[in-house]
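Student: So Swiss-Prot lists these for the protein:
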| type | residues | note |
| --- | --- | --- |
| ACT_SITE | THR40 | active site, charge relay system |
| ACT_SITE | HIS43 | active site, charge relay system |
| BINDING | CYS38, HIS63, GLU64 | Zn(2+) 1 binding site |
| BINDING | CYS93, CYS96, CYS99, CYS107 | Zn(2+) 2 binding site |
| BINDING | ILE175, ASP195, ARG200, LEU262, GLY263, ILE264, ILE286, TYR287 | NAD(+) binding site |
Amino acid sequence: MKALAKLKAEEGIWMTNVPQPELGHNDIMIKIRKTAICGTDVHIYNWDEWSQKTIPVPMVVGHEYVGEVVAIGQEVKGFNIGDRVSGEGHITCGHCRNCRGGRTHLCRNTVGVGVNRPGSFAEYLVIPAFNAFKIPDNISDELAAIFDPFGNAVHTALSFDLVGEDVLVSGAGPIGIMAAAVCKHVGARHVVITDVNEYRLDLARKMGVTRAVNVNKENLNDVMAELGMTEGFDVGLEMSGAPPAFRALLNSMNHGGRIAMLGIPPSDMSIDWNQVIFKGLFIKGIYGREMFETWYKMAALIQSGLDLTPIITHRFSIDEFQQGFDAMRSGKSGKVILNWD
């Protein structure tokens, strides 16, 4: 079958032919319709330090997708041929303390689709049926294809009560923008997002944020004053991994504020711990999506009127995959869809 794979330990990704995956007793086989390019896929393309330590070569990559069930393992219940599905990209063990305790997203033995095992940039994907999620009929293929990153956004945004709260999102990548849209949709008062990329900030404005702030051109304190905020932000969502952005977020938080961190900062990042301690801030790390509460919330948010369509900015056939990766690497894109049909 046709697949996109990391074939060489160098920059790039290549179209190739690989054997169709084998179906296990507890698996389903999915014929891929659409995939989306993740920031992780760009890291793998760039062959950065993380990729060199993590990705075995060769490896079929990709983990954002939607498709149709075409084969079912003999032990599988609850799925039928023809079901439209996406799926959780973290394959968990089922027997560690967190899995058995209902905290499956924190499984210490997690294996990543398209990272540690063959991924979705292929004509067919096999995953455990446990990981598959049926897509409701009133959700489009394109939106279903970005459920994985949308889930990161939902998990981060819904970490804390948002109704009537003021929220600061640092980092206007696609996940940060979707998180900001979720906050606004569920009842936050002011949702402010910061970045230095004007293309992405314009995209955030289209998604309905209160203010999209280029911190190279505007002072965040001035924006807060303009909005009538006198005590700081109640909730902070750190999506950038950039130390200056996190420091600015800490400085802008209200006393007793709550922070969810999805962005991965450098290991040697320094911050003013007085901001954390004397403000009594609560900081929560975010990994993946809660299985599967986040997935049900995703579907419900879209069905209740949350419009994510502006975040999808580019569409290519799979044979034009290089243009898709070029768009992602340019910084002037939202989500990029690759069509396999």
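Yeah, the Cβs are placed from backbone N, Cα and C, and that goes for glycine too.
As the structure is a computational prediction, the values presented were derived from the model and not from experiment.
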Student: What subset of the binding-site residues CYS93, CYS96, CYS99, ILE175, ILE286, TYR287 lies within 10 angstroms of HIS63 (Zn(2+) 1 binding site), using C-alpha positions?
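Tutor: Qualifying among CYS93, CYS96, CYS99, ILE175, ILE286, TYR287: none.
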Student: Sort out the sequence-distant neighbours of CYS107 (Zn(2+) 2 binding site) for me: same chain, 6+ apart, CB within less than 8 Å of its CB, listed by position.
Tutor: HIS90, THR92, CYS93, CYS96, ASN98, CYS99
Student: Find, for the listed binding-site residues CYS38, CYS96, ILE175, LEU262, ILE264, the residue with the lowest Cβ contact count at a 10 Å cut-off, counting only other Cβ atoms.
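Tutor: With the binding-site residues CYS38, CYS96, ILE175, LEU262, ILE264, fewest surrounding Cβ atoms within 10 Å: ILE264.
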Student: Can you tell me the CA-to-CA distance separating ASP195 (NAD(+) binding site) and CYS38 (Zn(2+) 1 binding site), as a whole number of Å?
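Tutor: Cα-Cα distance, ASP195 (NAD(+) binding site) to CYS38 (Zn(2+) 1 binding site): 19 Å.
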Student: Of all the binding-site residues here, GLU64, ASP195, which one's CB has the most other CB atoms within 10 A?
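Tutor: Neighbour-count leader: GLU64.
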Student: List the other residues in this chain whose Cβ sits within 8 Å of the Cβ centroid of the Zn(2+) 2 site residues CYS93, CYS96, CYS99, CYS107, in sequence order.
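Tutor: Going along the sequence, the neighbours appear as THR92, GLY94, HIS95, ARG97, ASN98, ARG100, THR104, ARG108, ASN109, THR110.
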Student: With an 8 Å cut-off on Cβ distance to the CYS38, HIS63, GLU64 Cβ center, who else from the chain surrounds the Zn(2+) 1 site?
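Tutor: For the Zn(2+) 1 site the neighbour list reads THR35, ALA36, ILE37, THR40, ASP41, GLY62, TYR65, GLY89, GLY114, GLY119, SER120, ASP148, PRO149.
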Student: Looking at the binding-site residues listed here (ILE175, ARG200, LEU262, GLY263), whose Cα lies nearest to that of CYS38 (Zn(2+) 1 binding site)?
Tutor: ILE175
Student: Here are the binding-site residues: CYS93, CYS99, ILE286. Which has the lowest count of other Cβ atoms within 10 Å?
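Tutor: Counting other Cβ atoms within 10 Å of each of the binding-site residues CYS93, CYS99, ILE286, the minimum falls on CYS93.
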Student: Could you round the CA separation between GLY263 (NAD(+) binding site) and HIS43 (active site, charge relay system) to a whole angstrom and send it over?
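Tutor: Per the Cα atoms, GLY263 (NAD(+) binding site) and HIS43 (active site, charge relay system) stand 14 Å apart.
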Student: Near ARG200 (NAD(+) binding site), which residues of its own chain have a C-beta under 8 A away, given they sit six or more steps off in sequence?
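Tutor: The list for ARG200 (NAD(+) binding site) reads ALA172, GLY173, ILE177, GLY331, GLY334, given in order along the sequence.
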Student: Which one is it, among the recorded positions THR40, HIS43, GLU64, that lies nearest to TYR287 (NAD(+) binding site) by Cα separation?
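Tutor: Sorting the recorded positions by distance from TYR287 (NAD(+) binding site), the top entry is THR40.
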